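Novice: The structure is given below, and queries will be raised subsequently.
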Amino acid sequence: MEGKIIQVLGPVVDVEFESYLPAIFEALDINFEVNGVQKSLVLEVAAHLGGNRVRAIAMDMTEGLVRNQVVKARGKMIEVPVGEGVLGRIFNVVGESIDNLEPLKPSLIWPIHRKAPSFEQQSTKTEMFETGIKVIDLLAPYSKGGKVGLFGGAGVGKTVIIMELIHNVAYKHNGYSVFAGVGERTREGNDLYFEMKEGGVLDKVALCYGQMNEPPGARNRIAFTGLTMAEYFRDEKGLDVLMFIDNIFRYAQSGAEMSALLGRIPSAVGYQPTLAGEMGKLQERIASTKNGSITSVQAVYVPADDLTDPAPASVFAHLDATTVLNRKIAEKGIYPAVDPLDSTSRILSPQMIGEKHYEIATGIQQVLQKYKDLQDIIAILGLDELSEEDKKIVERARKIEKFLSQPFFVAEVFTGSPGKYVTLQETLEGFRGILEGKYDHIPENAFYMVGSIQEVLEKAKSMKNS
């Protein structure tokens, strides 16, 4: 099953076989020498060109390839290691460990292209996924097996939220996480690894990186590498897994780069004509089955802040919840800097989460919205010109804003204050009390960077005594 290279077009390689035609998605191997150094390269068949010729996408740099070099067909797809052994390790797109530790000897390998769960296998229950982060659980709750878009610019705390979620899943739900860095900056991937090591969550997460400097094939397929590892924990171990993709925009972008080289005519804004289908292929595999679930959190970069751009627009159709991070909130020193009015969730309805939760959440949003509307008046005339009713709303809104902040476990190293996991019950109890005016007598500083309402009362007491 040997062939030879007949053409190299950047990351796309055409190969001719004599009597064998490899299937679409089959892996091909090339071993070659560059300046006296032995190199191996994996290709993946993307198109049949007629005759016994195929067009394949390279999973690494193609420097040093020449025509007539020997190519071996594997007879199977790219396969990656799965199982407990992948935890705490970093992998590239073809499942090789790249963390300079001992090479992994996997007991199990799975192909990266797999069918999405069928209708019969999918779970139809909608269950809330408790994160222990007050602002998310109250105002934009995640659902088990749901998909969440994490929107935010640089430096507002996307990575910290991702790490806290990994921590809480590991320690409260006893679950595992998989992180796929799709078109990541190498520096960010490196930082994440060491921050997780310091935060003590590394042994509960598998990391897969296809960095920004790699060819589009590697950046595109790395999402499937990570997803395959997550599917093993869901299907074979019956676990609820958390899957992080950073950044889903770059998955679409790498697809566009490959599409042009494969000779497809581009569609709107230069994207691949198959954009919606490719996005669906990835997203449909992220689902809850009767065994377990994969809940995914996907960072979404929005090019030029244009939400109608085809790439982010193709993601929106699949999302169940959005968590929007706001720089203005971060500047106030409120972390996590989640925007309570911009973040949304499909399950925020009385049928899904119950009347009580729904009433408290909408009550909180109304108070915050009213405060936002009053800010212009406050800026021009000052607080004293407001009616007594409005003054009360402003006071409560400021307490709510402060109470939406929370110390994180993974930030303990930097802040010195111990992290807090707040159950949904405690969250609802605290915010209901603020809405009902139970805590109108407590100074707003007592609400800042604490967990449950119990801690607010203790903090207020110690502030009074001191």
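Glycine is treated like the rest: Cβ placed from N, Cα and C.
Below, the features straight out of Swiss-Prot:
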type    : residues                                                       : note
BINDING : Gly152, Gly153, Ala154, Gly155, Val156, Gly157, Lys158, Thr159 : ATP binding site
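Give me the local environment of each listed feature.
Specialist: The Cβ of Gly153 (ATP binding site) lies under 8 Å from the Cβ of Leu325, Arg327, each of which sits 6+ residues away along the same chain.
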Novice: Which secondary structure state does DSSP assign to Thr159 (ATP binding site), in the simple three-class scheme?
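Specialist: Reduced to three states, the DSSP call for Thr159 (ATP binding site) is helix.
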Novice: Within 10 Å of the Cβ of Val156 (ATP binding site), how many other Cβ atoms are there?
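Specialist: Result for Val156 (ATP binding site): 22 other Cβ atoms within 10 Å.
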Novice: Rank the binding-site residues Gly152, Ala154, Gly155, Gly157, Lys158 by how many other Cβ atoms lie within 10 Å of each Cβ and give me the one with the fewest.
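Specialist: Output over binding-site residues Gly152, Ala154, Gly155, Gly157, Lys158: least Cβ neighbours within 10 Å is Ala154.
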Novice: Excluding near sequence neighbours, so keeping only residues 6 or more apart in the same chain, what lies with its CB under 8 A of Thr159 (ATP binding site)?
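Specialist: Correct list: Glu188, Asp191, Leu192, Glu195.
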Novice: Given the recorded ATP site (Gly152, Gly153, Ala154, Gly155, Val156, Gly157, Lys158, Thr159), which additional residues of the same chain have their Cβ within 8 Å of the Cβ centre, ordered by sequence?
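Specialist: The answer, listed by sequence position, is Leu325, Ala330.
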